[in-house]
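Chemist: Here's the feature list from TrEMBL:
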DOMAIN    28-124  domain 'CopC'
DOMAIN    338-429  domain 'Copper resistance protein D'
DOMAIN    458-530  domain 'YtkA-like'
SIGNAL    1-27  signal peptide
TRANSMEM  154-173  transmembrane segment
TRANSMEM  194-213  transmembrane segment
TRANSMEM  233-259  transmembrane segment
TRANSMEM  266-285  transmembrane segment
TRANSMEM  305-324  transmembrane segment
TRANSMEM  344-364  transmembrane segment
TRANSMEM  379-398  transmembrane segment
TRANSMEM  410-429  transmembrane segment
Amino acid sequence: MKQIKSGVLLIAVLYLFLFLCPSFASAHAYILKSTPYENEIVNQAPQKVTIEFDETIQASFNSLEVFDSAGNRVDQKNGRINPKNPSIIETDLAKNLPNDTYSIKWRVVSSDGHPVEGVIPFQVGNGDLTQDSSSINKESKGYMPQLDLIIIRWLQYLGNACLVAMLLFYLFVLPKEFRGNPGVSSTFRKLLKLSLFALSVSILLNLPLQATIESGLSWSKVLSVHVLGDMLATTLFGTTWIIQITSLVFLFFSSYLLIKKRFHSLWVWISFILGIGLLLTKAFTSHAASSTNVLITVSIDFIHLLSASIWIGSLIVLAALIPLSRNIDTKGLYLDSIRAFSKWGILLVIVLTFTGIYGSFSYIPNLRTLLTTNYGRVLSAKIVLLVIMIIFATINFAKGKRNKEKGLPATLWGELMAGAVVLVLSVLLTNLPTAMSSPGPFKETKTVKQESKITFKASPNVIGENTFVLSLEDQKGQPIKNIEQATLTFTSLEMDMGEATKTLGKVKEGTYQGKGMNFNMAGRWNVHVHVLTKDLETLDTDFKVFVGSQ
């Protein structure tokens, strides 16, 4: 118990430090700004098109093309990453483009290996055109996980979880007199072989799988020296995959000696460390790799993944050892193992809770997105399942403490099945665009002097045209009537772009509205509200708005 308390204290100190050093991650690259920006009307045709993203863009599998309203390509086919800023992609345009509506079609792969693509319309000339740029489908979209990815990545998670948890179980949880039992040794050998098989198949298939994701090509087309060589030579995933394959080779060697030496502690430790190393490589290809503070977010992601792997993998071990609970000679030792693991379980739940909360702050801009985005809905389902697992774990702990074997297999399998689904949801979360790119409409109310209230709304709260609504109420909740003028001042908190001011028109008493392209960049903005009354009194306040890219 003393060790548990020390662990909790250590975690508390760690998270105090982490919340003082916040990080933000979009996971799939999203547009900060583009030139021209979405639906912009320019009097003179630009010489080139540039798009700046919130993170570094990979050198391979990107494209940038510009088309006119007839579908003719009008760029000079020299799309490239800016050599001075790897987060900018650009291309030169043909000279003297006529007045028309144009579409910028782009596709990039973010630093964590997730592709995203979209269309940005703009217009040259102010005259009447056959097609309005605002009518063009401009929504950007990221990769959506397919069945092949779910199966392969789930198999890797499951194999890694089983391997790491089994070896930790052997080192720290199993009673010493239980380790030498022939049934235990036989079960552990089988689990080790199954884990190695799952890891081998999944890691080998991961390279062509990732190639299909990043290139957009089919399985049959990526199975070539050119495409796979490109993956290995120019992408972060390729480098990580080489490390995984090398670790797997060493793991096979250490596992062979582990079995041959009958689980000698030296080879158990070496295999355990190699298994943890494989989990660490997964963190470097997750959403955390694209954050503003990679060291902290990758560490947190790794700790979260390790904790979940130990918990779920330990359930696999306990389920595999269930036959020994029916033997009168080993029943007591089996229940002792459950009691011993329960202490670890408490610590794992604490770690998972804190790392999960921290991750949510990084990927969820507001609570609304838990229901309005795919990422939020999957995360909500994962939270529910984790609560179910905790309920099952509490029941199993109580049965182990009371030496009651009756009904234990059912609740243990229930906890394990919930854990297996949690791993599937983890695969989805690692590959879905996070909610940061789609925060949804903004609405916030602030109280200013004389208890008056100002409510500011921005919809749809994305790059491009938005509708801004200002509602003004006095301390009695009645609309403020004697308003001379209501203005908004927009300032980007991402970079110095100056200020833009917009005057809103009166809709009715206490309500003012306007439309504008004032959010021309995704990310954090400050919106200053200035209200002037006919008595020359002023009401001022500021709203911090996180603007999405889609």
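Positions of Cβ are set from backbone N, Cα and C atoms, glycine also.
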Chemist: Near the transmembrane segment (410-429), which residues from the same chain, at least 6 beyond its ends, have a CB less than 8 A from one of its CBs?
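Modeler: Beyond its ends, the transmembrane segment (410-429) has Cβ neighbours at 145, 149-150, 153-154, 157-158, 161, 287, 305, 308, 311-312, 315-316, 318-319, 322, 375, 378-379, 381-382, 385-386, 388-389, 392-393, 395-396, 399.
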Chemist: Using DSSP, what's the helix, strand and coil tally for the domain 'CopC' (28-124)?
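Modeler: For the domain 'CopC' (28-124), the helix, strand and coil counts are 0 helix, 51 strand, 46 coil.
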Chemist: Using a Cβ cut-off under 8 Å, which residues of the same chain at least 6 positions beyond either end of the transmembrane segment (379-398) come close to it?
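Modeler: Distal contacts: 311, 338-339, 342, 345, 349, 352, 356, 360, 363-364, 370-371, 408, 411-412, 414-415, 418-419, 421-422, 425-426, 429.
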Chemist: Under an 8 Å Cβ to Cβ limit, what residues of the same chain, 6 or more beyond the ends of the transmembrane segment (233-259), are close to it?
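Modeler: Beyond its ends, the transmembrane segment (233-259) has Cβ neighbours at 58-60, 109, 111-113, 189, 192, 196, 199-200, 203-204, 206-207, 210, 214, 267-268, 270-271, 274-275, 277-278, 281, 284-285, 289.
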Chemist: Tell me, roughly as an integer, the mean pLDDT over the domain 'Copper resistance protein D' (338-429).
Modeler: 85
Chemist: If we skip the immediate neighbours and take only residues 6+ beyond the ends of the transmembrane segment (266-285), which ones have a Cβ under 8 Å from one of its Cβ atoms?
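Modeler: Same-chain contacts beyond the flanks: 112-113, 156-157, 160, 163-164, 167-168, 170-171, 199, 236-237, 240, 243-244, 247-248, 250-251, 254-255, 257-258, 298-299, 301-302, 305-306, 309.
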Chemist: Based on DSSP, tally up the residues of the domain 'YtkA-like' (458-530) by helix, strand and coil.
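Modeler: For that range the per-state counts are 0 helix, 50 strand, 23 coil.
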Chemist: Counting only residues 6 or more past its boundaries, what in the same chain has a CB within less than 8 Å of a CB in the transmembrane segment (194-213)?
Modeler: 113-115, 143, 148-149, 152-153, 155-156, 158-160, 162-163, 166, 219, 222-223, 227-228, 231-232, 235, 237-238, 241, 244-245, 248, 251-252, 255, 278
Chemist: So what's near the transmembrane segment (305-324) in sequence-distant terms, Cβ-Cβ under 8 Å and 6+ beyond its ends?
Modeler: 157-158, 160-166, 168-169, 173, 181, 183-184, 187, 190-191, 276, 279, 282-283, 330-331, 333-334, 337-338, 341, 344-345, 348-349, 351-352, 355, 389, 408-409, 412-413, 415-416, 419-420, 422-423, 426
Chemist: Determine how many residues of the domain 'Copper resistance protein D' (338-429) DSSP places in helix, in strand and in coil.
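Modeler: Helix (H, G, I), strand (E, B), coil: 80 helix, 0 strand, 12 coil.
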